[in-house]
Amino acid sequence: MDHTAAKHSMRLVTRILAFIVLLIGAIMPITVVVLVGLLGETTGVIVGLIGFAIMLSVFIYLANKAKLWTKNGFSSIGKTMTIGKSIGFAVAGFVIVRLYVAFLVLVIHMPPTANDQGIQTISGTASPILFFLALTVMAPIMEEIVFRGFLFKFFFRNQPVLALLLSAALFGLVHGPTDLLSAATYVGMGAVFALIYYKTGRLEMSILAHALNNLLPAVTLLMMHQ
């Protein structure tokens, strides 16, 4: 019994450490954009694209090994919603997130978050290609694999409500909230993305909603600096 408990504890510690490493990796793309900008325009873009390809390959490989993707109507959290309904659910979730943010900004008069201000600053000096890819491809895929895929499967597989709540809280935390409203913004987003994953059973759908959510500010910021 003691041996079994020890093995279980060791496995849990290993998973926690692996999760922390992946968590750090998931928030690295925008840092890469900043760092490669120091190398010059052409060299920076080439190095950045190579770095993105390596990071994305590692995360997708790990997601494949963990069997997080949908296959034959099933995923790591059970039977999945049909593809048509799943896409509709993801798009609806994206709309809800944008309405939620609009409510906070227009009705509650929430000022720009520190995270948004930082991204806006970076957008003015970063490679447009790398900046766009970081926000609309890298961040959605890598963050959803970590916050939704791995968290739901390896820590709270039989406790979806707890997984949803913790997923939303961690998602909010890594986006650096500085006050209650900014925390509510990112925790709310994380909760919607987690709900999309849980209800559809498809990690691809939370990635889609996340990518759509990031697409609007990415395009807006790049157009501002044209």
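Every residue gets a Cβ built from N, Cα and C, even glycine.
TrEMBL annotations:
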type	residues	note
DOMAIN	127-216	domain 'CAAX prenyl protease 2/Lysostaphin resistance protein A-like'
TRANSMEM	12-39	transmembrane segment
TRANSMEM	45-66	transmembrane segment
TRANSMEM	87-110	transmembrane segment
TRANSMEM	122-142	transmembrane segment
TRANSMEM	154-174	transmembrane segment
TRANSMEM	180-198	transmembrane segment
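Within the model, the domain 'CAAX prenyl protease 2/Lysostaphin resistance protein A-like' (127-216) carries an average pLDDT of 93. Within the same chain, residues 22, 25-26, 28-29, 32-33, 36, 39, 76, 127, 129-130, 133-134, 137-138, 141-142, 145, 149-150, 153-154, 203 sit at least 6 positions outside the transmembrane segment (45-66) and bring their C-beta atoms closer than 8 Å to a C-beta of that stretch. Secondary structure of the domain 'CAAX prenyl protease 2/Lysostaphin resistance protein A-like' (127-216), assigned with DSSP and counted as helix (H, G, I), strand (E, B) and coil, comes to 77 helix, 0 strand, 13 coil.
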